[in-house]
Amino acid sequence: MNHARDTIAAVATAQGRGGVGIVRVSGPLSGQLAQAICRRELKPRFAHHGPFYGEQELPLDEGLAIYFPGPNSFTGEDVLELQGHGGPVVLDLLLRRCLELGARLARPGEFSERAFLNDKLDLAQAEAIADLIEASSEQAARNALRSLQGEFSKRVHALTESLIQLRIYVEAAIDFPEEEIDFLADGHVLSQLDGVRADLSTVLREAGQGALLRDGMTVVIAGRPNAGKSSLLNALAGREAAIVTDIAGTTRDVLREHIHIDGMPLHVVDTAGLRDTDDQVERIGVERALKAIGEADRVLLVVDSTAPEAADPFALWPEFLEQRPDPARVTLIRNKADLSGEAVTLQTSADGHVTLSLSAKSADGLELLREHLKACMGYQQTAESGFSARRRHLEALHQAEQYLEHGRNQLTLMGAGELLAEDLRMAQQALGEITGAFSSDDLLGRIFSSFCIGK
């Protein structure tokens, strides 16, 4: 559908000086603005070189003008692009001329919002535009481009279609009880439901990797006092971010460093040494450390390799801890290899435990750790397999997963087809929030307001 509305204008290029600057216009007055500024009729989708005029035929600049009649444009509306010189004064003069002729200044993200409202792209694709602009690594940029091209949306639509087909079957059985379809006896519903859950789990895992590449991975360095945690933080940061002494308990609070590995963002957190203590200040530091561990994407459990310790990371956590992190997101760091004489190695056991021997002091093995962290973020994905995702996408996928699990329990434990049908509907609605099929105005406002002006 085409949303007839006022005409908007904005500078579409980054602030500052450059060789080229672009003013973008969208809305029903775009054609009139083109005629007034260029003083001639523009052939659609052709680049026209010439002066850009202000009042009283006073030239403001010269460059290329391109007119895109709707609906075959980015926003689905009539669009005008004026590509002139990239000086801020010149661009401001050109933008002010557009406003004098009836346009208004666009809000941040309003061009992309109109493209979404006019069905030119869905919400996940619109967000991918911002992700592509803000990408901090080559792989993050590739993933954002694939999302912009619809790869993530395609996966979500496939899940939604499977849910719709399952809902049709379940609701038909409920509406026509004379058919006497036994949900459990024929096995069709459970089989289809488990298939959707498996597909959803795959998409959720890949979306999680995409979110890490976009937002960065939170890595928490944990362990007992004097294991070398702060030395490891300093080695990764490349500077003296934390105080290092031989006194146990030097670090009493969490320290955060934001670093990049080959352009990939990492949020590294150093924590207080984990031990049962009567010192009130140190106990607060331990509590904050445990909170950080629970929120981490990856935990580096640092142990002193010169001390006789067990090799199982789960057994290495202090006995007083009531809850310990999932071993699947823990890397055991056997530090001080320069003192113990251990070889610098990265090993993965049969049960999936990852152990890395290194020396934070000498930096031996540090490159192995960097490569390992990159792999945890999905750096080794092929260009054909990744897509960009955001935290809100993960929340929606998790919601859908919970609804499907709840619906399965309702069916298998109670034989409640009506309750299953409602859970299927809610799961479909959760998926729809990703692409914008089900989205409140408040959600749309928050998303598009985070965009650049002119996008």
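Including glycine, each Cβ sits where the backbone N, Cα and C put it.
Keep in mind the model is a prediction, meaning the values are calculated, not measured.
Here Swiss-Prot flags R24, E81, K120, K455 as (6S)-5-formyl-5,6,7,8-tetrahydrofolate binding site. According to Swiss-Prot, the feature domain 'TrmE-type G' maps to 216-378. Feature annotation from Swiss-Prot assigns GTP binding site to 226-231, 245-251, 270-273, 335-338. The feature K(+) binding site is assigned by Swiss-Prot to N226, T245, I247, T250. Residues or ranges marked as Mg(2+) binding site by Swiss-Prot on the basis of sequence analysis: S230, T251.
Taking only the Cα positions, the spacing between A272 (GTP binding site) and S230 (Mg(2+) binding site) is 9 angstrom.
Within the set of binding-site residues (R24, K229, K336), the lowest number of other Cβ atoms found within 10 Å of a Cβ is recorded at K336. Put simply, K336 (GTP binding site) is 58 Å from R24 ((6S)-5-formyl-5,6,7,8-tetrahydrofolate binding site) when counted between their Cα atoms.
Between the CA atoms of E81 ((6S)-5-formyl-5,6,7,8-tetrahydrofolate binding site) and S230 (Mg(2+) binding site) there is a gap of 53 Å. Taking each Cβ in turn and tallying the other Cβ atoms within 10 Å, the top scorer among the binding-site residues N226, S230 is S230. Geometry remark: S230 (Mg(2+) binding site) versus K336 (GTP binding site), CA distance 13 Å.
Between the alpha carbons (Cα) of K229 (GTP binding site) and K120 ((6S)-5-formyl-5,6,7,8-tetrahydrofolate binding site) lies a span of roughly 50 Å. Model confidence over the domain 'TrmE-type G' (216-378) is summarised by a mean pLDDT of 81.
Counting Cβ atoms from all protein chains shown, E81 ((6S)-5-formyl-5,6,7,8-tetrahydrofolate binding site) has 21 others lying within 10 Å of its own Cβ. The Cβ neighbour count for K120 ((6S)-5-formyl-5,6,7,8-tetrahydrofolate binding site), using a 10 Å radius over every protein chain in view, is 19.
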